[in-house]
Each structure stands twice: as structure tokens, then as C-alpha cells.
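Below is one structure, written out as C-alpha cells; the observations come after it.
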Amino acid sequence: MNIHFHPTVPIIEDNHDDDNSSSSDDDEDQNWDDWISDSALQRDNCKSLFDDKVGSVEEILAYDKATYNFDLNETCKALSLDIHGRIRLINFIRRTKSSPANLSSLTGKESFFSSDDFLLPVIEDDAMLQYQPDSWTDSEDESSLLTEDRIRKLQQKLAQTQRDFEEYRKLVTHRFNLGQIDELSAEGPSNTVLPPERDDDSHYFESYGANDIHAVMIQDKVRTSTYARYILGTPSVFEDAIVLDVGCGTGILSLFAARAGAKKVFAVDASNIATKAEKIVKDNNLDDVITVIRGKVEDIQLPEGTKVDVIISEWMGYALLYESMLDSVLVARDRFLKPNGIMAPTQTRMMFGLCDATEIVKDRITFWNDIYGFDMSAMAEELYHEAVIDVVGPHTMLSTPCVVKDLHLSSITPRQLDFISSFKLTSSTDRRTKVTAFILYFDTFFTTSGNPVAPETEVQIIQENEAVLAEVWPLGGRPAPQRRMSQHHKKAKSQEDGELTKADVVTSFSTGPNSIPTHWKQTLFLLKEPFVVDEGFVVSGHFHCHKSDSNSREIDVEIHYTVQDVASQTPSQDVVVEMFKIQ
């Protein structure tokens, strides 16, 4: 989904001090009074749709009309919106920060008017959502009705409103997984079957119980050989160490650690693969070193409160954060890692850039335009809302990538995994080229010290036919060759006495287009409205990333951007907002 809106400068004004009286009428639905109480509607905490002005609902509606020439009630009437349509419109404006000028072109057929996502409040306890204007009446002239008829019609309207809000309450309750509602049926809780709690984990762990996914990961030579080079090539880290392998899978990283001289390795996995990992450990006569533990790292206990020297894990997913396994690794860090322990990997960077994904567009989208003479383009519509996981070559990059998130595993918190980051991309193409996608991939770093790498440190790019495994398993008894550029020996001055510290070895790999393709591939955000750039064009904006409300292991991404021709100093008139799911 993409949205255009004009940038606006927020108008910030002082809050009104006027006291508003509360309604004395009883609320018909005491269990949902947070949404429909009269007192909520009369509080001076309703926020303008376009800036930070607050007041009562009626004051704010009048303010928006006078200041921005936007009449919410008239707009809802012109678009024939019911209460759900009105709620979607309010949440759409608040979420996308749409300008009044853009809202004038609405037809009522936009996709967000049918999306349940826009029924979820953007502002908690939003009084604007609870307000129903007096103008929402039947077309007939009620003033001419007899008193009894007016009472009957008002009762009908009240009953309908209560039904509408009850449906809304159920929807919000379901989407937010609120669980047990305060009001149960009159029969009592013993006769009420509560809906099951949402389970984002079962399918995830079940998927890692099969062989195929582990074969794919182990056969990814960029991934597996880099872990092997780091573990087997840094004896100062692993010799006589106590190691925790989070999400061990087949146990390959635990086997590397044992071979590297670890004193004890705890291999933890919550999927059925743990049974096979235990057999693999025994088959390799390493069961005296490696202990396989079946369970979630959030729930397991290590013997006698053991703390570990190193945590190793291959937690990365598509776009780095898909599957949210990093959350579990951070729990393991906080529960089991010694104060000066080492996280492996030490650091990851999410890289973002401009991309000419023309071939992907042909294969995934325009392919459907003509199937034996039939238009099947409807099959491709969702691809503009869902991130595409595929491989593109180095020639498709139209800018130098920038870092939108730098994750230091020793200190980052789960809360920081939902973020908004600014970006600025300068086109590097030497001719006019169409940008058909944004691209996202990640670089991964391991250090012997456990400290983050210097900002200028370049990631190793592994090329085709490069003998990356020769560093780990040299043939014929020959010594391993000297480490390549990815393993920089850096010397730093001690802050206390000025003496040199020991060299820190950096091992790294990239999942970007310049490297051998990995099983992570790259994440592509295809643009429904591509734009043309020439050398020096600047694309800037904000990258929004957060866990999906419907499944915590999926990711929702918003990309807000403008395009500027530096030569003419002419910025785009619109801020474009693209919304995607990584699932």
C-alpha cells in the first residue's frame, strides 16, 4: 500500500483550561465504558487530527474545520460512512498523518476503508472514536414526529450504536489478544469457554523439526564456514570456556565449540530437532562435553545456576529480524551470560538501499498480466504489500547502502528492536534509471573481544569459487593460510595507562548482492509507483520497523520517503508512504 501526502508543519497550541461537565446519565454498557462513556467524550483530552491541539471533541472538530478546512462530519456524510468507516478514517488520518488537501480526494472506496487494521486505535482512549454527531440521523425531518415516535427512533438508534460498539469491542479484543473480558455471561465463568490465547510459537518451532530447513542452512557455505572460522580460529575465546548455543538445531555450532576446546557446551532448542541433535552429539563421542536441553531458553535452567562465557547462536532471519528469535537470545544473555562474556555474533547491521529489481518485477508481477491471453494481474496485487525474498545481483544496486539499524548484541534490548530510523540515499547510477524497489540485507560481525567493531570496518565479501573452507580444514596437514581482510587485527590504546591492548580479530560476512547468495537472500520492497533517478538524486526519509500486531514473529515495515534532484534543488512535492509485511 502506498500513500502520498504533503508535508505539514505541526501547529502546537496550549491546552484549553475550560471545565467540561460530565453527563449524569447512566451508561448502558458499563463493561465497555472506556469507549462509550459520556464523560470520556466531554473531557478536554481529544487531540486534533492534524496537530497537537487538544480540547473536547466538539471543540476539536470545530478547530480542524476552521484551521484546516476539514469537516470530519461532512466528510463522513459525503462518503456515506457508517460508524466503522468513520473509525477507520480517523485512525487512517492519525496513523499516516495525511494532509487535509489529500483527504479531499477520498472516494470511500480506498482499501483502508475495508481493512481491520484501521479499526485499531492509534491513540489510546481516543475520544474522537467514541463521538457520534447529532447530524447522524435519518433523512426524514424528526422534528415533525410525535414525541412517542421520536423516543422510539432514538431507542432504535441507541440499540444500533450499542451493537456497533459491541462488534468493535470484540474486534479490538481479538486483535490485541486481550484474553478474558471482565464481563462474562450471566451463567458465570464456570460455564464460559474462553478463547485460546494467541500462539505465535508452535508453528515456528514445528517448522524447525524437519530435515530440509537444516540442510539448507548447513549448505549455506557463507553462513556455516564463517561461524566455523570464528569458533575454530579464536582459541582465546573458546578454550576451556562454558558455552551456550541458543537454538542449536542439529548442533553444528556446539560441535564446532567442542572441537575448539570448550569445557562445557549447553545446546538448547525447543523444536523436535533437539532429539536428533542429541543423537548426533553421541555419534561423535562428544556427549561428555555437549549437553542438549529440549525447551525454550526462557524456561530452561542450567545446572546449579551456571553462568556461561560465550553465547553462540544463528538467530538471524529474513531482513535480519524476521522470526524474532533475537528476543530469545537476549533473554539468554540476561539470564546466563557472565558480566564480561561474549556474544557471537557480536554485532549486526541492517543495510538499506535503492534497487533496480526489474527482473524480479517481470518474474513476480508483470508475468501475470497475460497468461494464455487472460489477465491474471490480480494474482500479483499482494506483492506490493508483502516484502519479496529473492536474490539480485550487484548491478541492481543504485546507491551506496546506508545503515538503518546497528545492533550491538551485548547491550541492545528487545524494546529497541521496534524502531524508526532516518535514511539518506544518493543515487550512484550514471544514467537515468528507474528505482523499482528498496532493498534490505544485513552484515554480521564476530570479534574476539566481544566489543563492537569500529564504524569504518568493512564487511568481508565472499566471492564465487573462494575457498572459504580452506581456512578451517586445511588439507594435507598444511597450515591454514593467513586470514583475509575480514579479520582485521586492530590495536587500541588503553584509556588508563596508554598501553596497547592485544589484537582484536574480526570475522564477518554479508548477505548483500555483492556476496555469494545466502539462504537469507535479500529483502525487496517492490514499489507500485517506481520513480526515476539520475546521478546525485537524493532519496531521504524514515524507515519504520516493528513486530506485527497479529503475529509477533512477523514484521511490519513502513518506508516514508521523498525524492530530490540535487542539481535543481527541487524536492518532491509529496512524501510517499509504502507499507509492507515480512511474513
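Just so you know, glycine gets a Cβ as well, placed from its N, Cα and C.
Mean pLDDT for the coiled coil (144-171) in this predicted model: 70. For 144-171, the entry in TrEMBL reads coiled coil.
The annotation compositional bias 'Acidic residues' is assigned in TrEMBL to 24-33.
Per TrEMBL, domain 'Protein arginine N-methyltransferase 3-like C2H2 zinc finger' is recorded for 76-121.
Per TrEMBL, domain 'Methyltransferase' is recorded for 243-341. When DSSP labels each residue, the domain 'Methyltransferase' (243-341) comes out as 34 helix, 27 strand, 38 coil, counted as helix, strand and coil in that order.
Look at TrEMBL and you will find 358-451 (among others) tagged as domain 'Protein arginine N-methyltransferase'.
Annotated domain 'Protein arginine N-methyltransferase' per TrEMBL: 499-565 (among others), in sequence order.
According to TrEMBL, the region 'Disordered' annotation covers 1-33 (among others).
What TrEMBL lists as region 'Disordered' is 479-498 (among others).
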When DSSP states are grouped into helix, strand and coil, how many residues of the domain 'Protein arginine N-methyltransferase' (499-565) land in each?
0 helix, 41 strand, 26 coil
